[in-house]
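Asker: The structure's right below; bear with me while I get my questions together.
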């Protein structure tokens, strides 16, 4: 992940969490001068738990509650009606954070999405679908019945609560890693790293804006600006895609980041993506800092590092160790072992762990595997070992020779880390097209049959994946002769009109690509592996309402030029 982009991505300023809930807050009409505020929350006596929600967003919630007639109460204050918590909170953690043995009488534990919907609808909506179930033993003995609660509500509130319940708005997601090739099993949580769930403080409060910054290398504009159809001027020096990867900063804090990366990995394999992202943010901020960190105050001054994380940094500086590493669950190395099986992600690894499996032999002999997972397990060690560049060259030439046996004009290019000039590669992606725009048709199946007959392709993971006019094969290959390992190979056949954008996409790096796509979006454009389009209309949520107009891009240089970027050679895109 890009250290330089992260530093640019997190300016030292207060920021609003740009998820569905915070967008709702941004859309609340501002009160005009002289206009009396509507008090449609007059029956609400709320307490907002900031953990997970974040200070800035919680303050916005509290301001809106008061502005619209509601009251803010201490959690044990008389008459508190709603305790608002983060979406991912369960009742056990909520009570632990509140330091209460049971819920106060008359109070309901609700997700923050409920309050967001109330603000969006400008009314008190039903909590159905938003309330968090609490076993009766955690309810105060004096907790009134539902009928008693209804009877105590002010006039008009009962009717408001009886209105049809709306489903909670979907939580926005932005992938940190590529999607799994196979369907994941239901999520079952493994043992957490430690019982001290509140110990991470600020670094766990990662906003969707932070996520956007991580993947684009640019801190998003304010939420109010998201609705402006006119693209804002772009400062290119803040974008990863505008800079050569050779400008990556020297890591002056390696002794710190190494230990934090262990924790980040532990959270990641346990499926705690937001906490893992919080650590990634801090790690990259440290990597890009211009000097070794020497004090707590200096650590706090770095954008992307909060007080809790600064405490961990100082602990490492003073003792050379981080005590939290001593409490990493024994499940972590097992989960990492399992998640390295091709076709098995975090959720599947957690499911296997919960079923009692502890080794690859357990998986091999007892687990129910998909076809892809069985292949991934069979070639586990081969897939994990990166291949030397010379082997990737041999694989590219084998595919090229087989393809050009059908048509000598076919272009075959190995992409990915190979094209970026890396000394080793994890897999090989070969892109195939023909300059006449026609002769690539029909080559896909014939090429695969030929490579199978040669014994070059040994296993099929995904025989054919249609993506518009592009066809993609995911499989396993092995070069002829003794001593060669099984390697992951993807073959993608594309029309020539899409070749430049596909070449850019499959060359990567993934971080560089995400930065380019985010930049295109700010310009009212859209970039994908198929095309670069302009005049793209999006709604207020950023979703495309139409395809726009496709721009001609004969070469990669045209894509850079149309985006107003200096051209970067593949070796300069290795962010």
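Even glycines carry a Cβ here, placed using N, Cα and C.
So Swiss-Prot says this about it:
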type     : residues                                         : note
DOMAIN   : 36-132                                           : domain 'BRCT'
REGION   : 160-205                                          : region 'Disordered'
COMPBIAS : 194-203                                          : compositional bias 'Acidic residues'
REGION   : 265-279                                          : region 'DNA-binding'
ACT_SITE : 312                                              : active site, schiff-base intermediate with DNA
REGION   : 345-348                                          : region 'DNA-binding'
BINDING  : 386, 417, 418, 419, 420, 426, 427, 428, 429, 513 : dCTP binding site
REGION   : 420-429                                          : region 'Involved in primer binding'
BINDING  : 427, 429, 490                                    : Mn(2+) binding site
REGION   : 466-505                                          : region 'DNA-binding'
Asker: For the binding-site residues 427, 429, 490, which Cβ has the most other Cβ atoms within 10 Å, all shown protein chains included?
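Answerer: That would be 429, with the most Cβ atoms nearby.
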Asker: Quick one: DSSP breakdown of the region 'DNA-binding' (265-279) into helix, strand and coil?
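Answerer: Residue counts in helix, strand and coil order: 12 helix, 0 strand, 3 coil.
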Asker: I need the neighbours of the Mn(2+) site defined by 427, 429, 490. Which other residues of that chain put their C-beta within 8 angstroms of the C-beta centroid, in sequence order?
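Answerer: Apart from the listed residues, the neighbours are 415, 416, 428, 430, 474, 488, 489, 506.
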Asker: Cβ under 8 Å, sequence separation of at least 6 from the ends of the region 'DNA-binding' (466-505): give me the contacting residues as numbers and ranges.
Answerer: 181, 342, 375, 379, 382-383, 385, 387, 391, 394-395, 398-399, 411, 413, 415, 426-437, 440, 443-444, 447-448, 451, 454-460, 513, 516, 527-532, 553-556, 558-559
Asker: Taking only the Cα atoms, work out how far residue 427 (dCTP binding site) lies from residue 490 (Mn(2+) binding site), in Å, as a whole number.
Answerer: 8
Asker: Over the domain 'BRCT' (36-132), what is the model's mean pLDDT?
Answerer: 84
Asker: Suppose we draw a 10 Å sphere around the Cβ of residue 420 (dCTP binding site). How many other Cβ atoms does it contain, all chains included?
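Answerer: There are 20 of them.
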Asker: Looking only at the region 'DNA-binding' (345-348), what are its DSSP counts of helix, strand and coil residues?
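Answerer: Tallying H, G and I as helix, E and B as strand, the rest coil: 3 helix, 0 strand, 1 coil.
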Asker: Per DSSP, to which secondary structure element type does residue 386 (dCTP binding site) belong, with helix, strand and coil as the options?
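Answerer: Its secondary structure by DSSP: coil.
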Asker: For residue 490 (Mn(2+) binding site), which DSSP three-state class applies?
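Answerer: DSSP call for residue 490 (Mn(2+) binding site): strand.
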Asker: Work out, from DSSP, the number of helix, strand and coil residues along the region 'Involved in primer binding' (420-429).
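Answerer: Each residue of the region 'Involved in primer binding' (420-429) counted once, the result is 0 helix, 4 strand, 6 coil.
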Asker: Can you grab the distance from residue 420 (dCTP binding site) over to residue 312 (active site, schiff-base intermediate with DNA)? Cα atoms, rounded to a whole Å.
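Answerer: About 36 Å separates the two Cα atoms.
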Asker: State the Cα to Cα distance, in Å, between the residue listed as 'active site, schiff-base intermediate with DNA' and residue 429 (dCTP binding site), rounded to an integer.
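Answerer: One finds 41 Å between the Cα atoms of these residues.
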